[in-house]
There are 2 protein chains.
Amino acid sequence: MTPVNATHDPARHSWVESANRPDTDFPIQNLPFGAFERNGEPRAGVAIGAHVVDLRALRDSGLLAAGSDAAIACEAAGDGTLNRLMAMPPRYPGALRAALSDLLKSDSPQRASVQQHVQALLPRIDEVALRLPCEVGDYTDFLTSLHHTERHGRYKGLADPLPAAFKSLPIAYHGRASSLRVSGGEVRRPHGQYRDANGQVVFGPAPALDFELEVAAWIGEGNALTQPIAIDAAHAHIFGYSLLNDWSAKSIQWFEQVLGPFLGKSFHSSVSPWIVTAEALAPFRKAPVPRAKDDPPPMPHLHGALDQQQGSLHLDLYAHLSTNGLREAGAQPVRITHTHLDNLYWTFAQMVAHHTSNGCNLRTGDLLGSGTISGAADEARACITELTDAGRHPLRLPNGETRTALEDGDEIVLSARATKPGAVSIGFGECRGRIAPALVDRQAEIAA
Amino acid sequence: MTPVNATHDPARHSWVESANRPDTDFPIQNLPFGAFERNGEPRAGVAIGAHVVDLRALRDSGLLAAGSDAAIACEAAGDGTLNRLMAMPPRYPGALRAALSDLLKSDSPQRASVQQHVQALLPRIDEVALRLPCEVGDYTDFLTSLHHTERHGRYKGLADPLPAAFKSLPIAYHGRASSLRVSGGEVRRPHGQYRDANGQVVFGPAPALDFELEVAAWIGEGNALTQPIAIDAAHAHIFGYSLLNDWSAKSIQWFEQVLGPFLGKSFHSSVSPWIVTAEALAPFRKAPVPRAKDDPPPMPHLHGALDQQQGSLHLDLYAHLSTNGLREAGAQPVRITHTHLDNLYWTFAQMVAHHTSNGCNLRTGDLLGSGTISGAADEARACITELTDAGRHPLRLPNGETRTALEDGDEIVLSARATKPGAVSIGFGECRGRIAPALVDRQAEIAA
């Protein structure tokens, strides 16, 4: 069997030509997992260039050695979601990824056999409907960027803009799982209660709509209730990562928030369709940025030797905005954010260790959002609230438009690239959503 | 087919003798749904007296007319959870409940046929292992008792103890679904970060453990994303109700809470095993207590004519405490709380209408907790924090013990009775949990 390292080999190319383009997110070194619909049926798949390997077709092709770990893993994805595959010990999905790398490489001895099945095996991504990659039990959203937290504290005029707990634990709240949606399509502007310009509480289409650029970890193997996950075991429980746009109706949030965000977030959260595996990201691991000298060290249960060595990733993150005006003018989307995973104060392993430190059980398919990944630099502000200094300095677009919040028709595309000298750069695919107008006359309709 | 009203008929008795005892929670007028394990297999069931009707055995018995709504509903519960049954239009579970009422009534023409199957059909509840009645997608917890909220505001020394939003909308947060557990067994004291008596942040077994007495609504038919549920349609989306003990580690909560409760709650939440259907509770419907004259009226989308007539229930609620000391002395559990559903400021229909007002989708099996149902009276305080005036006046037990928080070995039992002149009183079954000591040396173990 191909060792994991061979799947990262920069010399490896694919006979799927689109996977060799330098700008693809999905070279043969990536092979992220996802789910899609084909002929009305749910399917699990693996992205390669502009194509997706249909794992049910792969199972039926006989190309995987019967009884092999790869075949067992492929069989587990036969129901069209990834939950069973993700719940398996990592060697099974790892074996499937390695087998796919072998089948898809330019000099694969099986190339001719695979190509006999190419119609069934390799639909184009743009010809299938992508789905949320797995069923999400619980979705947790963290608040782990010091810069994001501090800026928001300043906007609120707090004497100490950073909450007391921020450097002691990764702050988090439970999010809404039912309204998670795969990237693409419309994000309906919600109705809600908020204070208008006169301070009156009104109910209507929510102003002050914002995006929030996040990375989210998908839980693979879970833990039993009452059994915490130790910090240096935590990475083994993370199957992979996606991009998350935690759309926020700030107007609703500001008024409702007593026990945390609720309707200001639960109208829609967008997730990129592909789970980039922790295994594919291994070459891009790096040490997290050390804490400032004056900062308290993490408590023992949040301090892991392994995590201190490789708890972050060489991962650049981007947000692009397009508007009706820009599209009508034929202009490209405008890059409004360029940030980096290093801007998190806490690592994903620390989030997992903290989350389970009270015995809380994580389940396969649970999603852990990083929180908005803002950095110190102006270009690293990862939501419009920060990009406009809470509305004081509107965002100016090349066509003269300005924004202090998202307007109907505005589209946000999040993207990410892992890069490191000597490794083939891999991407996450996009997390896209366009604001659709609030449903008309909804208040009257509801009251009727 | 038996009309719904006949299932409420006070003259109806059952040939299951234990269902006719005046103290039973499960007379033939109740027939709540639940789930259990039998011979290692998951089963759905309906409680009657001290027994449970095994719905798979009922399906296999041929007692239900083939093709009838009742048979279709029974078939839907064949997988051992209630989700598919709960997702059906209410006439299906209603028909099953009516058919069971007919089969189990004293003068049932089918009595002899049913009794031929009695071993398979009617195990004793205490001989099966009860399970959570269905799979919970999302769990939402509200804060809808004015008295609970105001008292906590005063403990914090707030100038205005009631948050600005309280009378404008039912405040809520997303809870943790994975750590919901059916009544019974141990509730492990969690570890967590908290401030010790010197104000130092430490990590260890959490002091200040509390219970919170709540009622929770189970969602039957859900709604699509972007499509709110109108207030007067909301009751039709509620399949039924259970008791909820929202165990709280106040020490953790006070320190961590920036974006709402998280690890202070997510270590365990207990739910009573039976879903008392909205249909069984119909005779106990009543108008909610009118708002005070100075209170703002609910906004149109939270104001429903039907809800104003019957949005509350004649439902008394109780909490009992027993301790190692009381049990060793052979003493009965001590009743520490007696409250009433009328102590909620918002109705469940208002919770549903608010929750979906931003387009958020509810799914079958979602759980909506009322929040702690405290009233104005001293005996109606529904958690230890309130019962002790935030620790200032410890709870004194008959054997001389005192409590300002739950100690290891303490057991809380929640119960509820719906009563109204002219109707047969029905109960909810119990929601029980006993505090088990924190796992030893967990900090060292995690750090190791």
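Cβ coordinates come from backbone N, Cα and C, glycine included.
Heads up, TrEMBL stuff is auto-annotated, nobody curated it.
Among A:D246, A:D294, the residue that TrEMBL places alongside A:K265, A:S269 at the Mg(2+) binding site is A:D246. The region 'Disordered' annotation in TrEMBL falls on one of the ranges A:1-23, A:139-161, A:392-414, namely A:1-23. Cβ atoms within 8 Å of the centroid of the Cβ atoms of A:D141, A:E212, A:E214, A:D246 (the Ca(2+) site) belong to the same-chain residues A:L213, A:A216, A:L244, A:N245, A:S248, A:K265, A:S269, A:G369, A:S370, A:G371, A:T372, site residues excluded. One way to see the shell of the Mg(2+) site is to take the Cβ centroid of A:D246, A:K265, A:S269; the remaining same-chain residues with a Cβ within 8 Å of it are A:D141, A:G175, A:R176, A:S179, A:E212, A:L244, A:N245, A:W247, A:S248, A:P261, A:S266, A:H268, A:G369.
Take the Cα of A:T372 (substrate binding site) and measure to each of the binding-site residues A:D141, A:E214, A:D246, A:K265, A:S269: the nearest one is A:E214. Shown in sequence order, A:D141, A:G175, A:F211, A:E212, A:E214, A:K265, A:S269, A:G369, A:T372 are the residues of the chain, 6+ apart in sequence, with a C-beta less than 8 angstroms from the C-beta of A:D246 (Ca(2+) binding site).
For the recorded site, A:Q253 (substrate binding site), the DSSP three-state label reads helix. For A:E212 (Ca(2+) binding site), the Cβ neighbour count at a 10 Å cut-off comes to 27, with all displayed protein chains included. Summarised as a single figure, the pLDDT of the domain 'Fumarylacetoacetase N-terminal' (A:29-133) averages 96. According to its DSSP assignment, A:S269 (Mg(2+) binding site) is in a strand.
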